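Heads up: the structure comes next, in structure tokens.
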């Protein structure tokens, strides 16, 4: 998770695939907690060649450009305007490139052919002993044995690399897309178990890809990185809203002015009574609300222990933690996609040591905290969210959160209890308060 946040907090996450110049050429976004969403990335092979090496024919094409070059002809008559070749002619694997529909068809043939294909070599995250693999100039594939994935007859693989790369379309599917003059060589990049364990995707990782053809194998480099954005409301920098919200003491109502004596008249007087003007009570300010909290605590104490309220002091604490959690039972809601409040960071801080009572627990609760649990639920596998009912929140060993990610619960040792948050009000007998005042008035002789 982001520093200081709950691992269950939902962010807008974007996985980006970059070219050799580290420009974004393909991206996919979704709302998920960090390190729980590992989609299949499907950029086209030719997208990686945008602004790339001259071999691919796209060195002057910017990222997100449309497929260049003339389309294929529909037949020997050449009915498509501006077409260059009949795409039904026999293909050769010579010059598989990206600059025309005809050459993209050749590239499709190379990447799917059992005797040809492509292979991928990792960049700087490879083991230190792989010194002979070279750098980006050799596409990290300077010698055989550097490849960790790809689609080639020897089936390159690895137990430690972060991704696997394959074709995302069959050759028959790709042929039709190529004839429609579109990008037609999409890849399927999947994260391995090793790749799902690392959290360095924000800075990015890089690979090289080379075609396996006769002669020198042409290649390119590409990268994968993650970006995330907080979806919660931004807190403005400015005056303390609590101070601004406090209301001043109401001024006393002015005394009514004495009525003037009416002039003497021979006419019959008519009694006119003024209509009362309704007055709206002023809205409660922060001070009123805080006082109401203390009054509520007093009423609860007076009902349960009336002898304690004959003379006492009830105080709101002036230092953290300002709240206590009371474990409760409740019915949470289950959502397949993250609701809006899952992206809001909690404004309160609380640890499980400040929770009392017995309530609903979720996860693998250790023996040290099982006293908080009246009922303990296990989560099923899957990607879904458990939202606390209104007026409650989840108190977890990682902090407070309005909703839980089942993915996070299942891949970590996180455990949570459903709680209500109550302000901390301390009780002091009069002797304690008087002693504090006496200390402040004593002076050393």
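Here the Cβ of each residue, glycine as well, is placed from N, Cα and C on the backbone.
Listed ranges 308-311, 312-315, 316-319, 320-323; the one Swiss-Prot annotates as motif 'CXXC' is 312-315. The stretch that Swiss-Prot tags with region 'Disordered', taken from the ranges 219-252, 253-286, 355-388, is 253-286. 304 is the residue among 111, 304, 336 that Swiss-Prot describes as O-linked glycosylation site.
Considering only the glycosylation sites 302, 304, 309, 334, 374, residue 12 (N-linked glycosylation site) has 334 as its nearest partner by CA-CA distance. In this structure the alpha carbons, written CA, of residue 309 (O-linked glycosylation site) and residue 374 (N-linked glycosylation site) are 32 Å apart.
Among the recorded positions 55, 334, 374, 410, the residue whose Cα lies closest in space to that of residue 304 (O-linked glycosylation site) is 374. Of all the glycosylation sites in the record (302, 334, 374, 410), the one with the smallest CA separation from residue 55 (Zn(2+) binding site) is 410.
With a 10 A radius on its CB, residue 302 (N-linked glycosylation site) counts 14 other CB atoms from all the protein chains.
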